[in-house]
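Asker: I have a structure here, written as structure tokens, and I will follow up with some questions on it.
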Number of protein chains: 2
Amino acid sequence: MSLAMTEDEITLAIVQAIKEGKKNTVQDLLYELHPYDIAQQYRHLPIKHRSKFLLSISLEQLTGFINELEKEEQLDILYKLGIEKTTEVLDLMENDDLANLLTDLEPDKIEELLSGMKEEESEIVQNLMNYPSETAGRIMNNRYVWIDEHYTVREAVDKLKDFAELAQYLNYLYVIDQDKKLVGVVSYKDLLLADLYDKIEDIMFSRVVKVDVLTDQEEVAKLIRRYDFVAMPVVEDDNHLVGIITVDDIIDVVIQEANEDIEKLSASGKAIDFNTKPWVAAYRRLPWLILLLLIGLVSGSIIDGFSATIEKVIALTFFMPMIAGMTGNTGTQSLAVVVRGLVSKDLDFKESLKLILRELWVGIIIGIICAIMISIIAVVWKGKVIGLIVGSSLLLTLIIGTLAGTIIPLVLYKFNVDPAVASGPLITTLNDILSLLIYFGIATMFISKYSEILL
Amino acid sequence: MSLAMTEDEITLAIVQAIKEGKKNTVQDLLYELHPYDIAQQYRHLPIKHRSKFLLSISLEQLTGFINELEKEEQLDILYKLGIEKTTEVLDLMENDDLANLLTDLEPDKIEELLSGMKEEESEIVQNLMNYPSETAGRIMNNRYVWIDEHYTVREAVDKLKDFAELAQYLNYLYVIDQDKKLVGVVSYKDLLLADLYDKIEDIMFSRVVKVDVLTDQEEVAKLIRRYDFVAMPVVEDDNHLVGIITVDDIIDVVIQEANEDIEKLSASGKAIDFNTKPWVAAYRRLPWLILLLLIGLVSGSIIDGFSATIEKVIALTFFMPMIAGMTGNTGTQSLAVVVRGLVSKDLDFKESLKLILRELWVGIIIGIICAIMISIIAVVWKGKVIGLIVGSSLLLTLIIGTLAGTIIPLVLYKFNVDPAVASGPLITTLNDILSLLIYFGIATMFISKYSEILL
């Protein structure tokens, strides 16, 4: 019915059906829509029709599209639904999505929401929320099918049929032994090709790639990419299977981690999106800016220390922003290479050394080229001595800046600190300060030697 | 056999088996390993054993692990294999991986590699390579199973069994009509639950989410995330099904796009990884640095223009790096928020305006706080007038910097230019220049008014 209709036509038809109180028509209209599209319909619906819409659609449709909404919208809907229907929805929601929804709510609000749920489900969710954030345990769900190693293929297929709903997304069954330990995996394809009376333990793969509940989510993403998996089993303690992580959640992890890298590299403050309130965004950015302000004062006092030199040759100040900017930038370039390289690859000591040497060469090459360019310009503009000072300073600061941008994140990585932190503040500052010291240091030296030419 | 063995033990056993010429033992040792792990084994193998290793393993194992290697390693292996075996491997490789391998090779090298392949396969690959890079057509593959809309469920299941190898990764069958047009999808689950004699056209979903061959890969990633799909069908011309894009490739797209954003935001040059040669890396970074150098000279000439003011009050130079740095940073912060926000969400005019207003407020809040802090410090350090100059300049430059960092990328986005480009150079420069003009402009004004207090 809805196939040939545009989204706007569907919205109109829904409003019509709601007004006439035809629940079935509403459900039929939504039948071929994906949860995301139902969510879009909900957002386009006039506010006065929303409550009725929620009561018209099926529980599965409701649960599906709630997952697509922002947290605040979700809570608003649960409030509109009332406690009884809310409980039914929560029972149907995936545990990881639910845990995510509950995170950061007030404790008594959580208790209220969980109290109506089936005890078993509620325990699982509370259990999930106990794992540290950004670990495998926190993002796993329990929508998978396990089979016993002693099953026949026929028994496995029967179980798969019974739990088809759970198995929709996957193409593997996980095999456990009597102690619920993970001992193997069987693909649907292998089931299809095997004889019905084969034993699972004879056809399964027993070398299972898995992660521990406490594994960092970034590590899980690396493994799933490496093996091109759709899902990854999660074990606890002594190899007990407790959940799986699916690739759709991993895409979100990858984007989240990339955003975190960018936030740190651009020193732009945690988790600011289009909906963040101004004072929250300002609050999250201020620490970086205040840090930079203090750092700027350090630069200031360095310049202050050289004010005798500057007073003699004001022209020195003209090149100051350029030298500081270039040094900061070459450092950031190296830093970005290191931080993003580590997303896909681990580095041992030998490889780190190789990388440092590579960057040293890069620093030397760009240092020489830029130094020659700026020397020519500076000589023409302000004379030989200034040209010599600016050129030699730039050569030196570019090499040092490149090395700092490489070595500092590698050292942090070695000590298990996220190298992206070494960004905005640390490297830019260090390079700022170093470049000013080198520039004015060289200038002071030259000027005391050649002051008769200059003055 | 290999289950209880560590990776090193497997390597040793492989070397032993190669020495004894036992091909079957080598293949058995690798049986339970994933392609990535076989690739690791290959890398750990002493070089002198590698050729024999390649000849010992099965064609499937060979094809699988080659995909896990870097391009140079792949070409090295193909060279080692000789033309005949290479052809067999290429026939088995996924088309998108093959197209990827061939990209950037010399034309006659491509011809040589493709010439031995089955004509049909070779045509498909050449066809793929004709699509622009970073489009759906370039990253799609043809490892999917299609069925006719008039099939019964039984016929569909039979076809699925015959092509089980292709269907391993998916959980949908794509339904086409007699013109090969995509008309629906059926999930494996629906097949499992339906009656064997149901018609496919009666149980399929006909509202198919799909993309065109020319759709940007970033857009495909957005859709796959939105719908939590494992794969997305790709159509050409008049809805003809020509391939699918699988989620494992999408994860790579997401990471690649994040890296590109970071490269642009940090102005660090395209595609530099740990293996890039120094002169290549230097060559890719130099354009940005040279641009920054020229920009630095513009800042320099602005300062030059104000040298009369500076000569009167050298202390002004102390706060110069701080003001330029803070303005640049607040601009980058806003830019990062816009660029990353657009990864997950599209913005219309109304939402853009809302975002600009939000950032204006952020600029005002951080401007006021930072201005008060620096005024106090500057008054104590250098006196009232300097304090007033520095404080009012910082307030103004922070507000302007924040707005520039928001509005410029939004305008570029509106005109379909990647907003991340607006990064390093454009915004930092603009903010550098604006901040110097404002700072020295205000200073000149104040000093001409209050020169009797200062001098």
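Using the three backbone atoms N, Cα and C, a Cβ is placed for every residue, glycine included.
From TrEMBL, here are the annotated features:
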type     : residues  : note
DOMAIN   : B:140-203 : domain 'CBS'
DOMAIN   : B:204-262 : domain 'CBS'
TRANSMEM : B:286-306 : transmembrane segment
TRANSMEM : B:313-340 : transmembrane segment
TRANSMEM : B:360-381 : transmembrane segment
TRANSMEM : B:388-413 : transmembrane segment
TRANSMEM : B:433-451 : transmembrane segment
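Burial and contacts for the listed features, if you can.
Answerer: Residues 261, 265, 299, 303, 355, 359, 362-363, 366, 370, 374, 378, 382, 386, 389-390, 393-394, 397-398, 400-406, 408-410, 413, 419-420, 422-423, 427-428, 430-432, 434-436, 439-440, 443, 447, 454 of the same chain, all 6+ positions outside the transmembrane segment (B:313-340), place their C-beta atoms under 8 angstroms from a C-beta of that stretch.
A Cβ distance under 8 Å defines the sequence-distant neighbours of the transmembrane segment (B:360-381), meaning residues of its chain 6+ beyond its ends; these are 319, 322, 326, 330, 334, 387-388, 390-392, 394-396, 398-403.
Panel annotation: around the transmembrane segment (B:433-451), residues 295, 298-299, 302-303, 305-306, 309-310, 312-313, 316, 319-320, 323-324, 327-328, 385, 388-390, 392-393, 396-397, 400-401, 404 of the same chain, lying at least six beyond its termini, place a Cβ under 8 Å from a Cβ of the stretch.
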Asker: Hey, which bits of the same chain come close to the transmembrane segment (B:388-413), Cβ under 8 Å, at least six residues off its ends?
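Answerer: Those are 316, 319, 323, 326-335, 337-339, 342, 347, 352, 355-356, 359-360, 362-364, 366-368, 370-372, 374-375, 378, 419-422, 426-427, 430-431, 434-435, 438-439, 442-443, 446, in sequence order.
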Asker: Would you mind splitting the domain 'CBS' (B:140-203) into helix, strand and coil residue counts from DSSP?
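Answerer: Counts, helix then strand then coil: 24 helix, 18 strand, 22 coil.
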Asker: Reported in the order helix, strand, coil, what are the DSSP residue counts of the domain 'CBS' (B:204-262)?
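Answerer: Final tally across the stretch: 27 helix, 17 strand, 15 coil.
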